[in-house]
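Chemist: Mind looking over this structure? Questions follow.
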Amino acid sequence: MRCAAAARSLLPLPLPPAGAAPIHTSGPPLAAELDAGDALHALLSTLPPSLPALLPSLSLLSRCLTPHSVADALLCAALPPASRLRLFLFSALSPRLRSPLLHSRAVVPILLATDADAAMYDAVADAQAAGLRPPAAAFEALVFAHASAGRHHEAVEAFSRMEGEFGCRPTAFVYNAVLRVLVDSGVVPVALALYNRMVTTGCPPNRATYNVLMDGLCKRGTAADALKLFDEMLERGIAPDVKTHTVLLSSMCNAGQLKAAENLLQSMKDQGCPPDEVAYNAFLSGLCKAGRVDEAIQQLEVLRGTGDFVLGLKVYSCLIDGLFHAGRYDEGFQRYREMLEQTEVSPDVVLYTVMIRGCAEAGRIEDAFVFLDEMKEKGFTPDTFCFNTLLKALCDVGDLDGARSLMSEMAQNNVVLDTATHTIMICGLCKKRLVDEALQVFDEMGKVGCPPTVMTYNALINGLYRARRLEEARMLFYKMEMGNNPSLFLRLTLGANQVRNSESLQKLVDSMCQSGQVLKAYKLLRGIIDSGVVPDVVTYNTLINGLCKVRNLDGALKLFKDLQLKGFTPDEITYGTLIDRLLRTRRENDAMMLFQDMLQSGGTPSLSIYNSMMRSLCRKNKLSQAINLWFDHLLKKYNLSAEDEVIASARKKFDDGSLDEAVRELIKIDQEHGSVNSSPYTIWLIGLCQARRIDDALKIFRILEEFGIDVTPACCSHLTKYLCWERNLNAAVDVMLYTLSKRFIMSQPVGNRLLRSLCICHRRKDAQALAWRMHLVGYDMDAYLRESTKGLLYSQ
């Protein structure tokens, strides 16, 4: 018991050499450990909280200590916190006394109960003064303490000071801790940059590193980047665990890559890493969200048959939610009743919210409120999300009085009115053109500390444009773009190191982290996030559409260029809106330039954009260009090469002047891929009529009829009119009979022209028979026939 006696007497002992590690033994017997524990408590409560004062006795006493006796002292609230922190630093330098228990259960609570920064940094400085190197565990504790208290900025600062100020090299555990903080803070680019620094400085990442980063990337919606990290993890020889697979599985499901997710599930089983309930739930949820509810049910039955899975609350919630998303409300309600009647599973807040949303979407608003009342009766407290679900339902059906009343109820019951609550109300008000009231709600958001989102701004900007309040909409857009920190915005977009897009921003962040400026990179990203709401493509589309509607196409084109300069990629709605408006105003050259810009930027024009372009080219008698445009579309649509046998055959027939045979080949290509669309052929048919190539137009009509492809009423009208001009009345009658079989109503000028042409050509009986058939399918011939036509038909 010599160690305990020496500690109780508190006799000064010689200081060990600077940097020397404490002497360790294999561990004391239980009696010695108990005596050493008593001595440790006496030591910490008596000597001043200074490592130079504590170190001599601690060094000698360490021979009789264990991780448990140290943890007991660290957890003792009666001892001074500063002394306990110094004991922690001392024990962290001893492999025998170091234990995760000291960190998780003892140190973090000490830091949370005191001034975390000052207390720990003083202790680290004290350790340096005593000739000890600062242990990485001190900074691990600081990062965890700050993170658990939600002080992300301070956690990142602790990491930055660790190496920069105290010269302590981070371990993988420290890196992982701060990576989690960065991911939770929403600054994934900084987390990725820090990961690159971790690798380049020779600190090998482990499974936890990849789990944290992949989780952050999945939540950010960048599944491709998560998959790259997964591949890198395998290349490093790190075996993924169930959590890794589940994170990746959720990412694949959210990205709609369900086949890959199914393969991953099977791979987990093959590798001896069987999926758990969370993994199965993620997969089933992915199927349901993709609208493949029947497959989810089949998979569920297979799982239940193998005994690998028990149908519980989460799965019922997932299936019911999936059925509601698919519009199969009756089946969703039936599943709910099945759960109540056949199992012991009871609904929770999540399932009640799903049921409320299902009722609301099915138009059963009263039933939704019944579920709300039942939820309260069972002791559940509806959260903000639940109330927001009801609020949206009321706004969607235009019941704004009910929505206002519900918001009042939320406030009275101390339910938080969050950003989503206000945004839902703003959207509902804007739909009813109550823009002034929507602006009042917007102002109220700022007063109660609810930051508006992109959706909030988009709804207001769209509402102002619909109300023709264009200047207010523009001012709101500028306010949105500049945010609360215009100086930051200007600093990033001006000067030599411009940050115009996410790629250049990532490069800047990487550079900062590689040079050790992790805190500076964190502040930059958080500054951008906190400075305001960044407009998205939807915002620009709203503005562009509003300018197009008021025929300010030059303003819309300028905004389009601004969108590209800010690093955004225009989507098909952006291009489609502008191209359509430009073509309507006969600005074909500008429309073609935009179309080419879309192709060069890697965009895929939608069918409607191709149709608009082909109509324009046909109007300008450029039918060949229109058809070649469609060939290019098919190559992209079906991922074919120009040398593909079928495509090459169709193009050759077109080049040789056999348009009808080329059309026949193109329809076969569509049929092989199960995607026959009549729009290109009907557009060409009208173009041929306008070019007075009536025979070719009639050939295409016959081919479409042969393949059972509907010819539009507009095509039939054009073809009939031009056939009458060409005096090809038999073909014109055939086209008219086709419209009668389809129960199309031909426009009055065309129908009267055909009947008059028959009469003039001494075919009055044929005209009368045709008029009678028109009457049988629903034509009001008294109103439809003009007086001149009646005279020719029925005069004696």
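Sequential numbering from 1, following the chain as shown.
Keep in mind that glycine also has a Cβ here, set from the backbone N, Cα and C atoms.
These came from TrEMBL, pasted as-is:
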type: REPEAT; residues: 171-205; note: repeat 'PPR'
type: REPEAT; residues: 206-240; note: repeat 'PPR'
type: REPEAT; residues: 241-275; note: repeat 'PPR'
type: REPEAT; residues: 276-310; note: repeat 'PPR'
type: REPEAT; residues: 348-382; note: repeat 'PPR'
type: REPEAT; residues: 383-417; note: repeat 'PPR'
type: REPEAT; residues: 418-452; note: repeat 'PPR'
type: REPEAT; residues: 453-487; note: repeat 'PPR'
type: REPEAT; residues: 501-535; note: repeat 'PPR'
type: REPEAT; residues: 536-570; note: repeat 'PPR'
type: REPEAT; residues: 571-605; note: repeat 'PPR'
type: REPEAT; residues: 677-711; note: repeat 'PPR'
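What's the neighbourhood like for each of these?
Modeler: Confidence in the repeat 'PPR' (171-205), given as mean pLDDT, stands at 87.
Helix, strand and coil counts under DSSP for the repeat 'PPR' (206-240) come to 27 helix, 0 strand, 8 coil.
Applying DSSP to the repeat 'PPR' (241-275) sorts its residues as follows: 26 helix, 0 strand, 9 coil.
Nonlocal intrachain contacts for the repeat 'PPR' (276-310), taken as residues 6+ away from its ends with a CB within less than 8 angstroms of a stretch CB, comprise 242, 245-246, 249-250, 252-254, 256, 258, 261-262, 265, 268, 318-319, 321-323, 325-326, 328.
Within the chain carrying the repeat 'PPR' (383-417), a Cβ under 8 angstroms from the stretch's Cβ atoms is held by residues 349, 352-353, 356-357, 359-361, 363, 365, 368-369, 372, 375, 424-425, 427-429, 431-432, 434, 448, 450, all 6 or more beyond its ends.
Residues of the repeat 'PPR' (418-452) grouped by DSSP class, helix first, strand second and coil last, total 26 helix, 0 strand, 9 coil.
Same-chain residues lying 6+ beyond the ends of the repeat 'PPR' (536-570) with a Cβ under 8 Å from its Cβ atoms: 454, 457-458, 461-462, 465-466, 468, 470, 473-474, 477, 480, 500-504, 577-578, 581-582, 585, 587, 590, 594, 598, 601, 603.
Counting residues 6+ beyond its ends, the repeat 'PPR' (571-605) has Cβ neighbours under 8 Å at 537, 540-541, 544-545, 548, 551, 553, 556-557, 560, 563, 612-613, 615-616, 620, 633, 636 in the same chain.
Listed as Cβ neighbours of the repeat 'PPR' (677-711) (distance under 8 Å, sequence separation of 6 or more from its ends, same chain) are residues 607, 610-611, 614-615, 617-619, 621, 623, 626-627, 630, 659-660, 663-664, 666-667, 670-671, 718-719, 721-723, 726, 728, 731, 735, 738, 742.
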Chemist: Cβ under 8 Å, sequence separation of at least 6 from the ends of the repeat 'PPR' (206-240): give me the contacting residues as numbers and ranges.
Modeler: 172, 175-176, 179-180, 182-183, 188, 191-192, 195, 198, 247-248, 250-252, 254-255, 257, 273
Chemist: Given a Cβ distance threshold of under 8 angstroms, which distant residues of the chain, six or more beyond its ends, lie next to the repeat 'PPR' (171-205)?
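Modeler: For the repeat 'PPR' (171-205), the sequence-distant neighbours (Cβ-Cβ under 8 Å, at least 6 residues beyond its ends) are 136, 139-140, 143-144, 146-147, 152, 155-156, 159, 162, 212-213, 215-217, 219-220, 233, 236, 238, 502, 505-506, 509-510, 512-514, 518, 521-522, 525-526, 529.
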Chemist: Can you name the far-off residues of the same chain, 6+ from the ends of the repeat 'PPR' (348-382), with a Cβ under 8 Å from a Cβ of it?
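Modeler: Sequence-remote neighbours of the repeat 'PPR' (348-382) are 313, 316-317, 320-321, 324, 329, 332-333, 336, 389-390, 392-394, 396-397, 399, 415.
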Chemist: Taking DSSP states H, G and I as helix and E and B as strand, how many residues of the repeat 'PPR' (536-570) are helix, strand and coil?
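Modeler: Output for the repeat 'PPR' (536-570) reads 26 helix, 0 strand, 9 coil.
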Chemist: What are the helix, strand and coil residue counts for the repeat 'PPR' (571-605) according to DSSP?
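Modeler: Here the numbers are 26 helix, 0 strand, 9 coil.
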